[in-house]
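Taken from TrEMBL, the feature domain 'STAS' covers A:455-568. Look at TrEMBL and you will find A:28-47, A:53-69, A:76-96, A:102-123, A:135-153, A:173-198, A:219-241, A:267-290, A:344-364, A:370-389, A:401-432 tagged as transmembrane segment.
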Number of protein chains: 2
Amino acid sequence: MKQRLASYLPFLTWAKHYDRTAAAKDGLAALIVTLMLIPQSLAYAMLAGLPPVTGLYASMLPLIAYTLFGTSRTLAVGPVAVVSLMTAAALGPLFAVGSAEYAGAAMLLAMLSGAVLLAMAVLRLGFLANFLSHPVISGFISASGILIALGQLKHILGIPVTGENALELAHGLILGLPSTHLPTFIIGTLSLLFLFLVRSRLGGWLQKLGMSVHIAGTLTKIGPVVALLLAIAAVGGLGLADTGVRVVGAVPRGLPSLSLPTLDLELAMALLPAAVLISLVGFVESVSVAQTLAAKRREQIEPNQELVALGGANIAAAMSGGFPVTGGFARSVVNFDAGAQTPLAGALTAAGIGITVLLFTPLFHNLPHAVLAATIIVALLSLVDLAALKRTWRYSRQDAAAMAATMLGVLLVGVESGIMLGVGLSLLLFLWRTSQPHVAVVGQLPGSEHFRNIERFAVVQSPKVLSVRVDESLYFPNARYLEDRIAELIGRYPQAEHLVLMCPGVNLIDASALESLEAISARLHTAGIQLHLSEVKGPVMDRLRRSDFLEHFGGQVFISQYEALRALDPQTTHHALERQRDHLCSKEKAG
Amino acid sequence: MKQRLASYLPFLTWAKHYDRTAAAKDGLAALIVTLMLIPQSLAYAMLAGLPPVTGLYASMLPLIAYTLFGTSRTLAVGPVAVVSLMTAAALGPLFAVGSAEYAGAAMLLAMLSGAVLLAMAVLRLGFLANFLSHPVISGFISASGILIALGQLKHILGIPVTGENALELAHGLILGLPSTHLPTFIIGTLSLLFLFLVRSRLGGWLQKLGMSVHIAGTLTKIGPVVALLLAIAAVGGLGLADTGVRVVGAVPRGLPSLSLPTLDLELAMALLPAAVLISLVGFVESVSVAQTLAAKRREQIEPNQELVALGGANIAAAMSGGFPVTGGFARSVVNFDAGAQTPLAGALTAAGIGITVLLFTPLFHNLPHAVLAATIIVALLSLVDLAALKRTWRYSRQDAAAMAATMLGVLLVGVESGIMLGVGLSLLLFLWRTSQPHVAVVGQLPGSEHFRNIERFAVVQSPKVLSVRVDESLYFPNARYLEDRIAELIGRYPQAEHLVLMCPGVNLIDASALESLEAISARLHTAGIQLHLSEVKGPVMDRLRRSDFLEHFGGQVFISQYEALRALDPQTTHHALERQRDHLCSKEKAG
């Protein structure tokens, strides 16, 4: 009972041994993450099409929910780029950016996303996330990075551009180029330059000044907050807001009031597909980060409980005026590197954001959009990994095709279409591949009981017994294909009396394939050849026993291909074994 | 060149050796098939929602097209029940039955269906038909049979009933029962009784009278035409048409004029999904019949050329005022049994139908709909095989689920939805299954080099080497599952120093699974265990060599599990082999 409770509320486990050392480490990590999270959460809210302060709202209660329910000790939850992009993609076509309906729908989307995650936890459907294959996720993140960066360029140029895909955005940017707003452009370019230098050079410079790698690395992470402060000072000092530089403007001070999003059933149904995709993508991203970090410290995470924790975090986001959240990659790594010991670091980060909302929001009045856009661009471009496409192509053209389809889909159509296209293509290519399986004629490796492809190894073939290995489960897409291939093989081996189908690669024989096996057996009979099976796996054999195939096909099922050959053609098998026997017996005589 | 032409025009091959004997046999078969086809084509046209004479139109040119392009010597092409049902399902929601637009759309549907089949031939997409698994086809045909029979009962009762699915039809029939039209009901019931008796009893009676099985069987096939003539005589003699018995009415005499269907692009797009499904279902039905009959006479059919022939037949149907056609089961069997030698029997059947259209159409004026409905019901109910569901359930619950889903979909929603549901569920269940593969710990069968599941066989396990066999291709849906399972296994075998992943069932390792293997290898390293692979198939190995996995994972790839054990734990392997060696050497000493 107690154990069960602890598995639903993992904090009960670590809270028992919580001490001052852990608290000090968690506190330091929380401070650093807070400084990193402030610009990110403001920027990602803007990316999601929401008032920047919404990002801060989405960085309080959700973190506390994860502290209570999460199993990763170092995952940092909050607004992340791809999920914010997906939020904007889902809501953009329905409501005007900036309207109250838009903000309400964002809350509803977070609520739905939370509900989907909890439902997946209850129904144990976490495995669905596996259908987002590695190439699809990788392609999705790279393309999203490019799409987001393109979308943010308008803030750097200070021009209004709208567009759903990369082409529209690029077109809008080119058309708008002549009307670039110079002060905005200067702020944006300086921010970009500053952030790039901080990210790529600052660490090295600080180390040259004698700082430890660790401290230098940590300081570079709070570069964005420095950029924010500098920009706020510049805009305030020079009165740039009056020249037309877009700033965040008046931000309500104080914590958000708790409320439930209005449940508009029709809108909920319309948003559900987006909520499902956001949940899946968020879950995959979050769990991979959590697993990577857990492995480094020999800790474990429990994927199903992670669904609960992320579901709780999203419902908390919905109730506090936020939008969909998940575990973020960069932030979690910083949290880990800064020495976070327990999920309490997350709750302390939430407290830090709470203090910010209570005390510092007037500061943000003069914060220019351009510097937030620069924060996003610099953070995102590091995730773009176009070389992955080439690496994947070298390994597997099918995987590369799925990756390319995802990228093109995301860039040219939209984020959801891109993911669906990638997953759909991955599945289609797999099915297409299994529909024409590799079929090899095999022979015995001299001096062993092992059988391999006659085209790849110097093996001994029996003239009487045709040994055929099928490298695929036998199921409906390939059932008839097998019939054709075997018909063709018999033509090539007219002197064969037996055909042994070697089944180590057959993990399933479905009803359609069983019909095909019956047809094959009957056709072989008319040609004077007896069908046998070998190396049939336990689960497949169990199933065959439930049909009447084994009684009627007239052949035998051998435990191994070697046993089949020993029974059907002892002479050839004897020859192939001779060398081995000589070898063994001479060793015995010698010993 | 000549050979290539012959493969596109198969008649060039058989026409060379055509002689009088073949002509006599083809002529007799054509006569019998014509007598069977007249009532069927009239009835199936009615089933498709078209004037009965359309069925005759669809039984001329299409047969000639198949004679020219078909590779089966005995397939009888023409209107068939399931395709007619699918035609009605596609057109019913769009146009009023009996309208000129409906008939025009039927022609367009035949044209599209022909184009889809030809496109499949050119693009070599015939394998797509394999995705209609055996359980789905079987469930579809049974449910269609029930649905068609239910739909025809209104003609037997003489009441108007409309409905898209079984529930609506049953509801309409029950509501309409009180207004049953008595004369129609009597004709319908007598026809049903007559046809059932002819089908089930006539053969036996005729044999008792001294007729051969063959002739008796043939005579039962022309029972429907006798029923037609009797009904026409009764309606004409008793003036039943005036009492309200629905009859075919005035039928235009003469051959249909050749014309192309009006190409309405919007309508064509709307009909395309239906055309694709009709093509696939028609192709599967036709090819299975053709293959079954060809195997009986050691002939061969060429599936891709069959796509051309059926495509040509459908385009011919479209051009002569018909509707989609394909090879029919019952009719082809009759053609075969009656001794048809070449596809010329089909052309002769077309001539027979042509004579009927030219001379006998006035006869059909008094043909009651009720007797056509009885023809359909009796023909169709023999295709309903509900016991197949039970047989399939015993063999595989997943296949049975797909079959049941198809049946319920067809009965409760519609024919297209039923097929989509069945195919979709088949694929989902397969993917779900492969996402959690069977993983077995294996050991050596004493006295052999063969390794089997420790839970099923009395095998020898090495204490140092953990042998794990994965019974599935490693790809994205199961990549993370494998990580979890291996983590769990290491926990159970703390003393293991090596883990050999035995891959005879692994037919693919995709990019996602490669990432997982790298993660597994790294995690095993931290636990002090070295990963190795064994029995990796050629194509999988080729691909692994294109990645850098083999250089970095630190283990070896063994040709067989036996070789792996011999290298990693010679002592245990030696023990397991001892018995075999003793056996072999004692034989040598004895010999």
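Using the three backbone atoms N, Cα and C, a Cβ is placed for every residue, glycine included.
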Other same-chain positions with a Cβ less than 8 Å from the transmembrane segment (A:28-47) and lying at least 6 residues past its termini are 53-56, 58-59, 76, 78-81, 84-85, 88, 148, 151-152, 155, 218, 221-222, 224-225, 227-228, 248, 323, 328, 330-331, 334-335, 338-340, 345-346, 348-349, 351-353, 356, 364, 367, 369, 372-373, 375-376, 379
In the same chain, which residue numbers or ranges, 6 or more beyond the ends of the transmembrane segment (A:53-69), come under 8 angstroms Cβ to Cβ? 8-11, 37-38, 40-46, 75-79, 103, 106, 110, 248, 251-252, 255-256, 305, 308-310, 312-317, 319-323, 325, 327, 343-344, 346-347, 349-350, 353-354, 356-357, 361, 364
Are the transmembrane segment (A:370-389) and the transmembrane segment (A:173-198) close enough to be called in contact, which here means at least 3 C-beta pairs under 8 A that are separated by 6 or more residues? yes
So, by DSSP, how many helix, strand and coil residues make up the domain 'STAS' (A:455-568)? 53 helix, 21 strand, 40 coil
Restricting to the same chain and to residues at least six past its boundaries, which positions have a Cβ under 8 Å from a Cβ of the transmembrane segment (A:401-432)? 82, 85-86, 89-90, 131-133, 135-136, 138-140, 142-144, 146-147, 164-167, 273-274, 277, 281, 388-389, 392, 477
Other same-chain positions with a Cβ less than 8 Å from the transmembrane segment (A:267-290) and lying at least 6 residues past its termini are 71-72, 74-75, 77, 80, 82-83, 86-87, 89-90, 94, 105, 108-109, 112-113, 115-117, 120, 126, 128-129, 132, 137, 140, 301, 303, 306-307, 310, 314, 324-329, 332-333, 416, 419-420
